[in-house]
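Engineer: Dumping the structure here so I can ask a few things about it.
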Amino acid sequence: MMNLSKSLVWFRRDLRAFDHAPLHHALRSSQQVYCVFVYDTDILDELPKDDRRLRFIHASLAQLDTELRRLGGYLIVRHGSARDEVVALAEELGIDAVHAGTDHEPSAIARDLAVAEQLAKRNCAFHTYKDQVIFEKQEVLTLAGGVFSVFTPYKNAWLKRLAAHPETLATYPVDAHADAFAPPTGAPAALPALEDIGFTSGEPPLPAGMDGAEAMFEAFVTEMADYGRARDFPAEEGTSRLSAHLRFGTTSIRHLVRSARDMVQSGTGGTGASVWLSELIWRDFYAMVLSQNPHVVERSFKPAFDAVEWETGAEADALFAAWCEGRTGYPLVDAAMLQLNQTGFMHNRLRMVTASFLTKDLGIDWRRGERYFARQLNDYELASNNGGWQWAASTGCDAQPWFRIFNPVTQSTRFDARGEFIRRYLPQLAKLDGKQIHAPWLVKPDVLAERGVVLGRDYPAPVVEHDAARQRTLERFAVVKKVVAKAEDEKDDANDD
């Protein structure tokens, strides 16, 4: 156990004051603990001024500061480059060590290395702790000691390791060590308003902070038994919607996994609890993939797929704009994109459908879609977003086969059979019946007109014909077989030598 005079806890993706590894360790090892959050201009300068996520962060910070004050501490908030602000604050306060949660994104790793280097020059230590995932890096390996690239065996090994090391889910208490908080001085200072840092204020896109996370979790638990079925139907409230809270750490991944595991073991969560636990394990899986394969940020996980030639030029740009704006002429795809644009949320089934449509119906590079989702999603995190896009594009680990191409109409009739979700975001199609609404272009024009719809005026005609697009995709991806065959031949030649 360290014996430090003053420590600084740097909050980043962990905006809570319970079950918090960096805060726990700082409080246990220090006489005085300060807390800071930095509105990092290295990140914020790239964002639109009305970014919904800033409203969520701002509301969550207000709750965090209130809770820290209840415990005897307070939150310092700075605005600037985190690389500079954290070092400057540590020097100003005479800090011996800075504590933070480990972040596996490449840009965050570079930032933390730079901060650690500057702190070391000032005789200040920098400690990071696993706090975003259950198992990280190479904690879960194959029997041969390798890194997994397929989810199901990873999940089985993950569960086996958890059974062998149940202490992994132990909570990191904060209250018991709260006497180490550095107390606030003077009257409580108001946290900076969003306008003060160049963003527009407003209501957060979902209930924010620790209170919002717990309320949403408690509501979800009552519906857990039906999760395995309901999660595929976007018209239903069948998912937890806790992904943004996990992204910003307003809840604890250990808390959620403990709860899921307990429900699985007790049977109180029905079959839904084990399905939800699998989804939480997917999050660990993609975090591991990113940490061990940082090239996936810019390139395909499977190098052979970098040979795929995606559509480019003015026509591709126009198709991409139609996809972004919900103007493809495929109602489920368009409704999904409108949901994303209007709310910052998109149902997981619809993430697969829209990603497949962009890459395999329109032939557009998955990286363009990934970047668009990164700007729009409330819950955006690099590992899961990248993993999901590479899965849909067949370029990633454990991805769907490249010759498996979602039919957007089939997906629509299967998962929104009565068109309830479509009507929610495309009210101009509301008068079409449950069959017509999935493919309006197949309905006779006079019938459409009777229902107030003229294609090209009220709703666009399809920008692409699915069967023809499917054939082009099969031809586009055929190059992968050639690249793989060539690599195998070269390998055989090398072995012969």
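Note: Cβ is positioned from N, Cα and C throughout, glycine not excepted.
So TrEMBL says this about it:
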- Tyr227, 239-243, Trp276, 279-286: FAD binding site (BINDING)
- 5-134: domain 'Photolyase/cryptochrome alpha/beta' (DOMAIN)
- Trp310: site 'Electron transfer via tryptophanyl radical' (SITE)
- Trp366: site 'Electron transfer via tryptophanyl radical' (SITE)
- Trp389: site 'Electron transfer via tryptophanyl radical' (SITE)
Engineer: If we check Cα distances from Asp284 (FAD binding site), which of the recorded sites Trp310, Trp366, Trp389 wins as closest?
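Structural biologist: Looking at Cα distances from Asp284 (FAD binding site), the smallest one goes to Trp389.
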Engineer: Based on DSSP, name the secondary structure state of Trp310 (site 'Electron transfer via tryptophanyl radical'): helix, strand or coil.
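Structural biologist: The three-state answer is coil.
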Engineer: Nearest to Leu242 (FAD binding site) by Cα distance: which of the recorded sites Trp310, Trp366, Trp389 is it?
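Structural biologist: Ranked by Cα distance from Leu242 (FAD binding site), first place goes to Trp389.
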Engineer: Distance check, please: Cα of Tyr227 (FAD binding site) against Cα of Trp389 (site 'Electron transfer via tryptophanyl radical'), rounded to an integer number of angstrom.
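Structural biologist: Here the two Cα atoms are 23 Å apart.
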Engineer: Have a look at the recorded positions (Trp282, Trp366) and report the one with the fewest Cβ neighbours inside 10 Å.
Structural biologist: Trp282
Engineer: Including all protein chains displayed, how many Cβ atoms other than that of Asp284 (FAD binding site) lie within 10 Å of its Cβ?
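Structural biologist: Counting Cβ neighbours of Asp284 (FAD binding site) within 10 Å gives 22.
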Engineer: Identify, among the recorded positions Trp276, Tyr286, Trp310, Trp389, the residue whose Cβ has the fewest other Cβ atoms within 10 Å in this structure.
Structural biologist: Trp310
Engineer: In DSSP terms, helix, strand or coil for Trp366 (site 'Electron transfer via tryptophanyl radical')?
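Structural biologist: Trp366 (site 'Electron transfer via tryptophanyl radical') sits in a helix per DSSP.
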Engineer: Out of the recorded sites Trp310, Trp366, Trp389, give me the one sitting nearest to Ser240 (FAD binding site) by CA distance.
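Structural biologist: For Ser240 (FAD binding site), the closest Cα among Trp310, Trp366, Trp389 is found at Trp389.
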Engineer: 10 Å Cβ neighbour count around Leu280 (FAD binding site)?
Structural biologist: 20
Engineer: Where does Trp282 (FAD binding site) sit in DSSP terms: helix, strand, or coil?
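Structural biologist: It is helical.
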Engineer: Select the closest residue to Tyr286 (FAD binding site) from the following recorded sites, measuring between CA atoms: Trp310, Trp366, Trp389.
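Structural biologist: Closest by Cα distance to Tyr286 (FAD binding site) among the recorded sites Trp310, Trp366, Trp389: Trp389.
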Engineer: Sort the residues of the domain 'Photolyase/cryptochrome alpha/beta' (5-134) into helix, strand and coil with DSSP and give the three counts.
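Structural biologist: Residue counts in helix, strand and coil order: 60 helix, 34 strand, 36 coil.
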Engineer: Suppose you look only at the domain 'Photolyase/cryptochrome alpha/beta' (5-134); what would the mean pLDDT be?
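Structural biologist: A mean pLDDT of 97 is what the model gives the domain 'Photolyase/cryptochrome alpha/beta' (5-134).
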Engineer: To the nearest Å, how far is the Cα of Trp389 (site 'Electron transfer via tryptophanyl radical') from the Cα of Trp366 (site 'Electron transfer via tryptophanyl radical')?
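Structural biologist: Per the Cα atoms, Trp389 (site 'Electron transfer via tryptophanyl radical') and Trp366 (site 'Electron transfer via tryptophanyl radical') stand 6 Å apart.
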Engineer: Using Cα coordinates, what distance in whole Å links Leu280 (FAD binding site) and Trp310 (site 'Electron transfer via tryptophanyl radical')?
Structural biologist: 32
